[in-house]
Amino acid sequence: MKGMILFISCLLLIGIVVECKEGYLMDHEGCKLSCFIRPSGYCGSECKIKKGSSGYCAWPACYCYGLPNWVKVWDRATNKCGKK
């Protein structure tokens with residue numbers, strides 16, 4: 001019985017960890033946040049500001065891991081960049 005409870009607890013913990021999202025950060029216009037001419041570590045800092053676990057410059061835009069669900073990330077299906 002203790003083993004079953006431990007197993008279920010582990011599954012719940014894994015479910016909590018997996019719920020983090022990842023993706024390209026967006027600027028105020030809905031475009032991917034550019035890192036083309038930014039200094040090294042810029043994307044990592046921007047991701048940390050958004051409460052992400054890490055990030056890097058996936059040329060030419062910032063890509064983040066471990067973002068909370070409330071952070072909006074760029075999506076091809078809902079892309080509004082450059083459109084009015």
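Every residue gets a Cβ built from N, Cα and C, even glycine.
According to Swiss-Prot, the signal peptide annotation covers 1-20, on the basis of experimental evidence.
According to Swiss-Prot, the domain 'LCN-type CS-alpha/beta' annotation covers 21-82.
Look at Swiss-Prot and you will find CYS31-CYS81 (among others) tagged as disulfide bond. For CYS81 (disulfide bond), the count of additional Cβ atoms within 10 Å of its Cβ stands at 11 [all protein chains shown]. In the three-state DSSP reading, CYS81 (disulfide bond) counts as coil.
The disulfide bond feature in Swiss-Prot is assigned to CYS35-CYS57 (among others). In the three-state DSSP assignment, the secondary structure recorded for CYS57 (disulfide bond) is strand. Packing around CYS57 (disulfide bond) is summarised by its Cβ count: 20 other Cβ atoms lie within 10 angstroms of its Cβ, all protein chains included.
Around CYS62 (disulfide bond), a 10 Å sphere centred on its CB holds 27 further CB atoms from the protein chains shown. For CYS43-CYS62 (among others), the entry in Swiss-Prot reads disulfide bond.
Here Swiss-Prot flags CYS47-CYS64 (among others) as disulfide bond. According to its DSSP assignment, CYS47 (disulfide bond) is helical.
Positions annotated as cysteine amide by Swiss-Prot, on the basis of a curator's inference: CYS81.
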Proximal but sequence-remote residues of the same chain as CYS64 (disulfide bond) (Cβ under 8 Å, at least 6 apart): GLU22, GLY23, TYR24, LEU25, CYS43, GLU46, CYS47, LYS50, GLY52, SER54, GLY55, VAL71, VAL73
Other CB atoms, at most 10 A from the CB of CYS31 (disulfide bond): 16
CB contacts for CYS35 (disulfide bond) [other CB atoms within 10 A, all chains]: 21
